[in-house]
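Below: one structure, written as structure tokens.
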Amino acid sequence: MKSKNSLLEGSAKSKFLAVFEPLKHPLQAIFVGLLLGGVIIALSGFNPFEAIIGMFKGGFGSAYYLTTTLTRSVPIIFAGLAGALAWGSGYSSLGAAGQMVLGAFTSAVVAVICPGPPAFVVAMSLASGALVGVLYSLISAYVSERFKLDLLIITLMMNYIADYIASYFTTYVVKDPLGADSSAIQTQKLIDNILPKMFEGYSLHWGFVIAVICVLVVLFIMKRTSFGYKAKMGGLNANFANYGGVNSTKMMYYVLMLSGALAGLGGACEVLGTRYRYVDNMITSPGYAWTGIIASLMSSNHPVGILVSGIFLAGITTGGSTIERSMGVPSEVTTIIQGIITLLITAKFAVKWYKKKQNTTDKEGVK
């Protein structure tokens, strides 16, 4: 009986360790990032312990700061999910930034011109943002497949095109001429056609709930459906997938469409829940898409991990702004911490890739 109990305990322990094993490297990266960030703070003449504690208090230490952090995490979570769907399926897409920009712009325009009650208009605006993300991702997929060009380069370049498209139409077609600052490049402000706040007096809106629902949906698709398995197989080994009856080209289109829908929806939620209009560079300047990629890397493309990582990254950004106001610590410190975390996590993937390449070379040499 004793040996049986010890066996069960050992099994439970191994399962527990298996669950938390993927978190080991991200937690180490966060620790080192905070440590080196503390060193930089100390070299700048500030108390690193007070600054780090103040940063976490400023991100999570009260209902106001926590809801601000959760609000800021919404576009990061959507961008992370968009990246996880593509990268987790083996498709190297960096197009979330452009898809978010066009999703935000389109949703703002639809919210202004669409007639009907607020609930209907908001639904149409969210749907239009997602749809534009889908259509824009299809362009990248088609160009990559038709001309045999690298998807990563295509999607990266499409981000700049999206910025220029949104900027042009905001400046010359739908610019708000009656705003308080007529020189600002922005659309008309929304009054009723917005996502309502979850709690009175706080910035958190229902876009966060939509983001959480999307996390669960993506988790189900990736882990519990044949589509998720086929998508991963098609992206990682197209020849093997085709041999097994999976059309890898179609899978690329489907995956990038879903990824684009999530990115576009994230941009729409930012407009309807936070800014209430489209403002030129409102998506690009804060770097939501790139922070989402960091969240995706930190979680190894796991949707729930993206939710947690997105909130953490939003929290240190909110906290960085807080300690800048209260202590004078430059908010750029949080950007440095994020950069260190990204460097350490990507170093892990680089080492894995190098070892895999070495093993392949050794096997070919033996043959």
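Here the Cβ of each residue, glycine as well, is placed from N, Cα and C on the backbone.
The transmembrane segment annotation in TrEMBL covers 29-49 (among others).
Through the fold, the transmembrane segment (69-87) approaches residues 59-60, 93, 96-97, 99-100, 203-205, 207-208, 211, 214-215, 218, 221-222, 255-256, 258-260, 262-263, 265-267, 269-270, 273-274, 283, 286, 288-293, 295-296, 299, 301-303, 306-307, 309-311, 313-315, 317-318 of its own chain, all at least 6 residues removed from its boundaries and within a Cβ separation under 8 Å. Look at TrEMBL and you will find 69-87 (among others) tagged as transmembrane segment.
Among the features that TrEMBL reports, transmembrane segment is placed at 94-113 (among others). Within its own chain, the transmembrane segment (94-113) is flanked in space by residues 75, 78-79, 82-83, 121-122, 124-126, 128-133, 136-137, 140, 152, 154-156, 158-163, 165-166, 169-170, 174, 187-188, 190, 193-194, 256, 259-260, 263-268, 270-272, 277-278, 282-284, 288-290, 292-293, which lie at least six positions past its ends and keep a Cβ under 8 Å from the stretch.
Sequence-distant contacts of the transmembrane segment (119-139) (same chain, at least 6 residues past either end, Cβ-Cβ under 8 Å): 93, 95, 98-100, 102-104, 106-108, 110-111, 158, 162, 193-195, 210, 253, 256-257, 259-265, 267-269, 271-272. Among the features that TrEMBL reports, transmembrane segment is placed at 119-139 (among others).
Marked as transmembrane segment by TrEMBL: 151-169 (among others).
According to TrEMBL, the transmembrane segment annotation covers 204-222 (among others). Packing against the transmembrane segment (204-222) from elsewhere in the chain are residues 67-68, 70-71, 73-74, 77-78, 81, 84-85, 88, 126, 194-198, 228, 232, 258, 262, 265-266, 269-270, 272-274, 302-304, 306-307: each is 6 or more residues past its ends and has a CB under 8 Å from a CB in it.
Residues or ranges marked as transmembrane segment by TrEMBL: 304-323 (among others).
Look at TrEMBL and you will find 335-354 (among others) tagged as transmembrane segment.
Residues 91-95, 97-99, 101-102, 104-105, 136, 139-141, 143-144, 185, 252, 278, 280-281, 284, 289 of the same chain lie 6+ residues outside the transmembrane segment (151-169) yet bring a C-beta within less than 8 angstroms of a C-beta in it. For the transmembrane segment (29-49), the residues of the chain that approach it from at least six positions outside its boundaries are 298, 312, 327-330, 333-334, 336-338, 340-341, 344-345, judged by C-beta separation under 8 angstroms.
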